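**Student:** Not my notes, these are from Swiss-Prot:
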- Cys76-Cys87: disulfide bond (DISULFID)
- Cys127-Cys135: disulfide bond (DISULFID)
- Cys137-Cys157: disulfide bond (DISULFID)
- Cys206-Cys220: disulfide bond (DISULFID)
- Cys208-Cys215: disulfide bond (DISULFID)
- Cys278-Cys309: disulfide bond (DISULFID)
- Cys294-Cys304: disulfide bond (DISULFID)
- Cys308-Cys348: disulfide bond (DISULFID)
- Cys324-Cys339: disulfide bond (DISULFID)
- Cys326-Cys336: disulfide bond (DISULFID)
- Cys331-Cys332: disulfide bond (DISULFID)
- Asn295: N-linked glycosylation site (CARBOHYD)
- Ser212: O-palmitoleoyl serine (LIPID)
- 1-25: signal peptide (SIGNAL)
Amino acid sequence: MNAPLGGIWLWLPLLLTWLTPEVSSSWWYMRATGGSSRVMCDNVPGLVSRQRQLCHRHPDVMRAIGLGVAEWTAECQHQFRQHRWNCNTLDRDHSLFGRVLLRSSRESAFVYAISSAGVVFAITRACSQGELKSCSCDPKKKGTAKDSKGTFDWGGCSDNIDHGIKFARAFVDAKERKGKDARALMNLHNNRAGRKAVKRFLKQECKCHGVSGSCTLRTCWLAMADFRKTGDYLWRKYNGAIQVVMNQDGTGFTVANKRFKKPTKNDLVYFENSPDYCIRDRDAGSLGTAGRVCNLTSRGMDSCEVMCCGRGYDTSHVTRMTKCECKFHWCCAVRCQDCLEALDVHTCKAPKSADWAVPT
């Protein structure tokens, strides 16, 4: 007799726990979980009691967070698109990234920061769009104010980013606050850096009122910038991430290399050096770079020499459809023809050892 669908949901958390390593932020798996709020809250493995309480109490916020997971993972993949580790996700793994983030590396620091930022962004946006019962536009942005251009009236809908930060801190940090180990402190630091990054790009937008746009009266509001700005900023922080060690009393960090400055609240921190990600490695969670597309003319991280780790590359000849011979027609359209373009695609060779192909 076939088990009912509800029975499958009851077994799913236990099955995922058996099959995948424990990674702190199991709420990342909310991207792949559909159905009612009860199904989502009770069947995402690894949530602590505080997270489940918030999940049951605010199902609309959880839906926003779930949609936000897809956005910040896409941003992570954009930032790492030219690197050996490309922020690839594992759809059937409740940790979303597998074992790779078990290491306290730069990559872990970035993922925790961008995920925390993504929660702030998703909740704040949902507040402004009227999708959440617990918040709306920023209630503090009312009345008259002044800036370098003079007096203006607060109007429109200012993004309520303080609410987004408050909820993100309560939900995302809940599991880390239960632990007192070094990794929990690292995650909390990078989570906070991610939240602060979103607020950094809050900008004032204004609309002029008056005869012929004379701007005798201005109405202004605060709006978040596109999430790409946050991603670009955290990418720079990733490249300048600071390696740290725990201090003697185990309550904070000190720099691993005394020549470097102490990390600020905006910096990303990490404990362990990253693997090279060249070959498939179960323990490191690395998928390797065999089969990855590389750039023959680049001298950067996406070059065939760097991406392929010196193993060489294969070249295939492919054709693709592109737009060509585009012309502007008055008024107001651009019309193009479809053309076939021939090009060479270079992909990294596999290691000579056969064990690279064993699935993780």
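In case you wondered, yes, glycine gets a Cβ from its N, Cα and C as well.
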**Student:** If you count CB neighbours within 10 Å, which one among the disulfide-bonded residues Cys76, Cys135, Cys206, Cys294 has the smallest count?
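**Tutor:** Comparing Cβ neighbours within 10 Å for the disulfide-bonded residues Cys76, Cys135, Cys206, Cys294, Cys206 has the fewest.
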**Student:** Would you count the other CB atoms within 10 A of the CB of Cys220 (disulfide bond), including those on all shown protein chains?
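**Tutor:** Counting Cβ neighbours of Cys220 (disulfide bond) within 10 Å gives 19.
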**Student:** Have a look at the disulfide-bonded residues (Cys127, Cys304, Cys309, Cys324) and report the one with the fewest Cβ neighbours inside 10 Å.
**Tutor:** Cys324
**Student:** Nearest by CA distance to Cys332 (disulfide bond): which of the recorded positions is it, out of Cys76, Cys208, Asn295, Cys304?
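**Tutor:** For Cys332 (disulfide bond), the closest Cα among Cys76, Cys208, Asn295, Cys304 is found at Cys208.
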**Student:** Provide, as an integer number of angstrom, the distance between the C-alpha atoms of Cys278 (disulfide bond) and Cys331 (disulfide bond).
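**Tutor:** Taking the Cα atoms only, Cys278 (disulfide bond) lies 53 Å from Cys331 (disulfide bond).
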**Student:** Please report how many Å separate the Cα atom of Cys157 (disulfide bond) from that of Cys308 (disulfide bond), as a whole number.
**Tutor:** 49
**Student:** Measuring Cα to Cα, how many angstrom lie between Cys309 (disulfide bond) and Cys135 (disulfide bond)?
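**Tutor:** Cα of Cys309 (disulfide bond) to Cα of Cys135 (disulfide bond) measures 50 Å after rounding.
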**Student:** When you measure from the Cβ of Cys326 (disulfide bond), which residues in the chain that are at least 6 apart have a Cβ under 8 Å away?
**Tutor:** Val334, Arg335, Cys336, Gln337
**Student:** Taking Cα atoms as reference points, which of the disulfide-bonded residues Cys304, Cys324, Cys331, Cys339 is nearest to Cys220 (disulfide bond)?
**Tutor:** Cys331
**Student:** If you count Cβ atoms within 10 Å of the Cβ of Cys157 (disulfide bond), leaving out that atom itself, what do you get?
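**Tutor:** Cys157 (disulfide bond) is surrounded by 16 other Cβ atoms within 10 Å.
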**Student:** Cα of Cys348 (disulfide bond) to Cα of Cys294 (disulfide bond): how many Å, rounded?
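**Tutor:** That comes out at 7 Å between the alpha carbons.
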**Student:** Counting Cβ atoms within 10 Å across all protein chains shown, which of the recorded positions Ser212, Asn295 comes out on top?
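**Tutor:** Compared across Ser212, Asn295, the most Cβ atoms within 10 Å surround Asn295.
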**Student:** Using DSSP with the three-state reduction, classify Cys208 (disulfide bond) as helix, strand or coil.
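**Tutor:** Its secondary structure by DSSP: strand.
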